Amino acid sequence: MHTIDVIDSHTAGEPTRVVLAGFPDLGDGDLAQCRERFRSDFDHWRSAIACEPRGSDTMVGALLLPPRDPSACTGVIFFNNVGYLGMCGHGTIGVVRTLAELGRIAPGQHRIETPVGTVGVALADDGTVSIDNVESYRHAAGVEVDVPGHGRVRGDVAWGGNWFFITEQAPCALGLAQQRELTAYTEAIRLALEAAGITGEAGGEIDHIEISGVAPDGSGAARNFVLCPGLAYDRSPCGTGTSAKLACLAADGKLAEGERWLQQGILGSAFEGSYRHSGRGIAPRISGHAFITARSQLLIDPADPFAWGIVA
């Protein structure tokens, strides 16, 4: 019987499962190399943690590892029900909240190492977590793709720690009641991008689709709908998606450096974003809250036919 110690949380409605102990040794090397060993040798552990019956299509796992960067308080590899993430904004907020729950960090400035770079984080006394995300940028503007049943859809391809196609063309209101229609629409966009050979830089797969609009509550905030790689919609405003959106706004001159941007997700929960100029794009800062929902041990019984998860 294998046991895996985890702490679960949610960030603006989106779950994170932090893996504390019980995972196989991924060896030496940087975190990108560890992620590749995770993928090649231990992918069944990913599905055991993130997939049903223990997880779900919304679950993001966060495996804590000793950092290679001496300035970081921890290393982390993010994963979900279908694969691996370079960075995860809501997941990082969940990791910081979990580290605080464990007494491993106090309010103040910290750094967390990911496979795509080390990010700065700040934990405030009231529990607000702010992330200085990886450098984000717009790769291509005004990209058009023919989407069966919807015609030509225009959007930007941007990096915020993952690759996004961001469009303002929505088939309906951006509300929870419309999530099925929005999911079908964004999945159709993703398939059309793949069929057309449209990618991020160096052939990077565009595995997140984001619809951007105005919040319906009259607050002046923005609202988005984000389709994640496993074809589940993001319950949160999506930290990497908000970073990618900020990069596009900055490139278009629609948001000034340091100006506050309030980004709602499909549930109406919000992240606050801002940026400073950096290199080829921007250095985004995303702020939000996470809440602990469970401390538990996952049990993997070799006799269980679904010990390593239900995988399509």
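Keep in mind that glycine also has a Cβ here, set from the backbone N, Cα and C atoms.
Site annotation (Swiss-Prot, ligand substrate) includes GLY89, HIS90, ASP234, GLY239, THR240; from HIS208, HIS277, the additional listed residue is HIS208. When secondary structure is read from DSSP and collapsed to three states, HIS208 (substrate binding site) falls in the strand class. The most crowded of the active-site residues listed here (CYS88, CYS238) is CYS238, judged by how many other CB atoms sit within 10 Å of its own CB. In this structure, the CA atom of CYS88 (active site, proton acceptor) is 6 Å away from the CA atom of THR240 (substrate binding site). Other residues of the chain with a Cβ within 8 Å of the Cβ centroid of GLY89, HIS90, HIS208, ASP234, GLY239, THR240, the substrate site, are GLU14, CYS88, GLY91, GLY160, GLY161, ASN162, VAL226, SER236, PRO237, CYS238, GLY241, THR242, SER243. By neighbour count, meaning other C-beta atoms within 10 Å, the densest spot among the binding-site residues HIS90, HIS208 is HIS90.
Shown are the binding-site residues GLY89, GLY239; the one with the most C-beta atoms within 10 angstroms of its own C-beta is GLY89. In sequence order, GLU14, HIS90, PHE225, VAL226, LEU227, CYS228, GLY241, GLY265, ILE266 make up the list of same-chain residues 6 or more apart from ASP234 (substrate binding site) whose Cβ falls under 8 Å from its Cβ.
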